[in-house]
Amino acid sequence: MQSFMTGAPGHHIQSIKKSTSTRLVYVVFFLLVSIVAYILSYWTFSWFNNLDVLKICSKGDNECKGALVVYRLTFGLALYHILLGLVMINVKSAGDSRAKLQDGYWPLKILLLGVLIFVSFFIPNSFFRVYTWISIFSAAIFIFIQLVLLIECAYSLNESCVRKIEDEGHSGKKWYVLLCVLSFGSIALAVAGTVLMLVFYGRGSCSINQFYIVFNLGICLIVGVLSISEKVREYRPSSGLFQSGVVMLYCTYLIYSAINSEPPGTCSSNNTSSPKESTIIIGAVFTIISVCYSAFRSSDSTELLGNHNHYSSIPTDPNAETTGVADDECECTAYNYSFFHFTFACGAMYLSALLTNWATMTSTDITSSSTSSSNSTISVDSGMVSVWVKVVSSWVVVLLYLWTLIGPILLRNRVWD
């Protein structure tokens, strides 16, 4: 499969790294399953009605059927990466026989993914009553990974712009302008979003929404001011308004998403339990970006927090010109295989929670087949689980960013990249 993607020998194309092409294939797998899950979460086909596991849904309840289908698709994908992650534990050398499984045997791995998804449609619904809560817990872990990647990406972009400004001298002013536009633009959008949320969601006696919105704005502004303080910049020169703006904008989105996940009531603008399309689309985009970014990271993405565990690589491969694939793992692995698959597994379960609006199954007996007149056993967003996961996540991202600012001051002997 890699030779198909990178070109056959004899074609004059630029070679790509073997580790990159491998991760690209896994990303394609994830994207394909995600697209299918998104489509089936809204539209189910007539042949789904013949599946016994979907007969617990009332006739015409496509929301119930869509949720059950999404659970099974994402479970198959998550189990696929969990199994591969377990097999790849402690693989650090390309000489390890297990490394060949990571980079090859694609027909076998495609078959494995298909079989796992197929078999999941025959697993009793009682299992998925538990799986919904496992997916919520794993989704929270993936949100944490997203937060780390977001802050890391913001620092990387800021340092890249600053480097170009210094290297290009007078002609580098365009990068300075770009950095200023992105910094103040992010802050302006976050403030505007906060004002709009107060107008539409914080009116009247909705004190809980007012608390979410105002508290989020307050802590973001405090950390933003701290990021440009003299003491922080002395030990963390790369800190600045750009990272603060990105964090502030993302936290504002999380609060917006949390409020839109509230059950129908006096403080919710939704008259139904269905989530707003905008929150699902934005969440899906963040998921795909996070998965892609984490996939092409060279290590386990913990350097930002002060923990260094680099994975070396040997980029030189004499066969690259003829094969189209440069073997950058001649001796050491270019990335942590287990962490890679762990991230994808959590991403799959986060996708499950996202597409079903963090749905949970009711406590009714879902193991027995019901008639077409039975009520749906899927309760979509019946509680405040998703609300608090997102609200707490917004607080965690601020704390993580705060740690990157004060960490170098408190732990001066540790290297902070």
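Any Cβ shown, glycine's included, is placed from N, Cα and C.
Quick look at what Swiss-Prot lists:
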- 25-45: transmembrane segment (TRANSMEM)
- 69-89: transmembrane segment (TRANSMEM)
- 104-124: transmembrane segment (TRANSMEM)
- 131-151: transmembrane segment (TRANSMEM)
- 180-200: transmembrane segment (TRANSMEM)
- 208-228: transmembrane segment (TRANSMEM)
- 239-259: transmembrane segment (TRANSMEM)
- 276-296: transmembrane segment (TRANSMEM)
- 339-359: transmembrane segment (TRANSMEM)
- 391-411: transmembrane segment (TRANSMEM)
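Sequence-distant neighbours of the transmembrane segment (339-359) (same chain, 6+ residues past either end, Cβ-Cβ under 8 Å): 23, 26, 30, 33-34, 37-38, 41, 66-67, 70-71, 74-75, 77-79, 81-82, 84-85, 88, 132, 134-136, 138-139, 141-143, 145, 261, 273-275, 280, 283-284, 287, 290-291, 294-295, 300-301, 378-381, 385-386, 389.
Most Cβ pairs under 8 A with the transmembrane segment (391-411) among the ranges 25-45, 104-124, 131-151, 208-228, 239-259 are made by 239-259.
Using a cut-off of 8 Å between Cβ atoms, the transmembrane segment (69-89) and the transmembrane segment (239-259) share fewer than three residue pairs, counting only pairs 6 or more apart in sequence.
The transmembrane segment (180-200) makes contact with the transmembrane segment (239-259), as judged by at least three Cβ pairs under 8 Å among residues 6 or more apart in sequence. Beyond the transmembrane segment (239-259), the same-chain residues lying 6 or more positions past its ends with a Cβ under 8 Å from any Cβ of the stretch are 147, 150-151, 153-155, 157-158, 161, 179, 182-187, 189-190, 193-194, 197, 201, 209, 212-213, 216-217, 220-221, 223-224, 227-228, 232-233, 267-269, 279, 282-283, 386-388, 390-391, 393-394, 397-398, 401, 404-405. Within the chain, the transmembrane segment (131-151) has long-range Cβ neighbours (under 8 A, six or more residues past its boundaries) at 71, 74-75, 78, 243, 246-247, 250, 286-287, 290, 293-294, 297, 301-302, 304-305, 343, 345-347, 349-350, 352-354, 356, 358-361, 385-386, 389-390, 393, 396-397, 400-401, 404.
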